[in-house]
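Q: Pasting a structure here, questions to come.
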């Protein structure tokens with residue numbers, strides 16, 4: 001078992017290390033004046049590249065038809081623009097037989113002067129100038145893929161008048177800098193749209209209607225799998241025997257006792273979901289899901305459950321508690337009704353060793369939805385968990401036909417343990433995404449999942465065995481079929497390591513690096529979305545631009561860790577017809593689950609204007625800022641979403 005745990009940890013470490021390749025070129029930037037800049041003034045920014053020995057970078061004047069030219073640009077939607085020609089050191093020129101042309105390269109430490117002018121209307125205060133550098137480096141034997149470096153330069157804008165006050169503010173978040181115009185106070189900013197909000201059918205509570213179905217199906221599956229675990233399945237005959245012996249006379253009495261017992265199980269599990277809903281509420285659950293510390297805690301819980309299922313240790317409820325409840329059910333302290341209810345609660349607690357990983361997984365997944373999810377999920381889970389006991393109590397003779405407990409149950413636990421490790425990577429990548437580490441990227445998560453899939457196949461086929469297991473005989477048809485299914489799924493994941501989109505699975509993967517831009521405008525997220533650009537966290541700026549260009553506004557209320565948001569961005573916005581329609585709007589993406597004042601204000605804007613905090617949520621505003629239409633939640637119907645985009 002220890003060897004297996006070390007193998008899993010080594011796998012994660014190797015996956016992390018895979019993309020952490022050498023960076024032969026390091027960039028830095030600084031404003032040349034070193035003083036405050038007046039609105040409308042022109043100034044210069046110095047860019048420096050530190051190139052490792054033996055490597056070279058192609059020049060900014062490299063002729064077309066050859067290697068990648070270094071391109072320095074200033075993204076739009078910020079109060080700065082490129083104002084003149086970029087100057088740099090004279091490049092080294094040499095004939096390249098591969099390209100059959102002269103190539104221009106830089107080595108060592110080239111520096112560039114970038115002329116920049118600031119908009120005359122820029123408010124006083126500290127700003128962040130975004131500069132993008134697209135470049136490629138090579139040595140004598142290999143080339144690194146062309147990449148884009150996103151640089152952020154602090155610029156101090158001085159006031160024109162003494163009475164001027166800074167109204168712009170930089171939003172910084174662990175490596176992410178977004179220039180944002182001030183978001184209006186929601187108590188007044190929504191006034192323009194509040195008059196129309198009553199005419200909108202705001203189905204805030206029905207937003208996750210489709211994803212809720214998937215979540216309930218997950219809860220049903222979890223309840224069914226829990227019945228197959230070693231500490232639950234063998235208790236079925238003993239529990240049904242209790243029904244028969246304590247139900248009094250008559251079939252009706254046995255049925256009533258079975259119903260009460262199942263109710264005890266349902267109430268115990270559902271109480272957990274209700275408690276979570278009461279504590280966190282609707283908006284609180286979204287904040288909980290996006291909090292990086294909470295995601296790290298969830299990761300630790302998943303890994304703890306995983307190693308428990310893999311046999312490293314066992315999770316148990318304190319014996320004193322279970323013994324006390326058990327004694328109450330067998331004494332005269334309670335009636336038959338109370339005894340049956342307590343017996344259900346007792347069974348729930350005694351089965352905690354095996355059901356805790358399933359319940360924990362379900363409650364964690366519930367944080368991705370609104371406050372009804374934990375309650376509905378635990379109700380579905382516990383109902384499926386309790387139903388077999390009810391029916392077996394009605395037909396005790398069926399017990400003799402049930403398969404005996406044995407090694408197959410341990411195998412179920414181990415396979416689920418591997419799945420728990422895979423689930424942990426999703427939440428670890430959530431923390432990475434919010435903090436902008438750039439470690440647990442899409443490729444790292446996929447590499448880990450592929451490795452886990454390989455380990456699972458080896459385990460099912462008997463090539464890998466836990467320390468607490470006995471040697472297995474020949475592989476049966478059932479194991480072979482399961483192994484083939486897992487292997488097929490693993491092979492399907494492999495192309496994703498090289499950039500291929502994986503459809504619905506993209507919702508559970510972190511976006512590509514750069515998909516959440518560090519600038520005020522976000523570039524395309526896919527090739528088919530090549531001309532759709534998004535204004536990020538700048539609601540008022542998007543409205544102002546819409547008025548200038550006489551275009552409607554498309555608002556995407558989204559979240560850093562919103563699974564359904566990722567699915568829509570990867571699978572719906574990238575569709576050619578949808579992308580074509582989005583180009584007819586000023587598209588603004590407002591994150592509501594981050595940690596900071598602007599995220600709270602954007603969530604408040606969504607809640608007060610549209611009556612919901614559920615994600616994702618889409619709205620169309622006319623040029624004057626009034627609400628034209630809304631679209632709640634995820635949809636997999638392209639025609640439905642196109643109808644929303646074209647209805648104006």
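Cβ coordinates are placed from backbone N, Cα and C, and glycine is handled just like the others.
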Q: In TrEMBL, which of 166-185, 186-205, 406-425, 506-525 is tagged transmembrane segment?
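A: Residues 406-425 are the ones TrEMBL records as transmembrane segment.
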Q: Can you check which of 101-124, 125-148, 293-316 TrEMBL lists as transmembrane segment?
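A: Range annotated as transmembrane segment by TrEMBL: 293-316.
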Q: Average the pLDDT scores across the domain 'Thiol:disulfide interchange protein DsbD N-terminal' (39-150) and report the rounded value.
A: 84
Q: Just give the helix, strand and coil counts over the domain 'Thiol:disulfide interchange protein DsbD N-terminal' (39-150), going by DSSP.
A: 0 helix, 57 strand, 55 coil
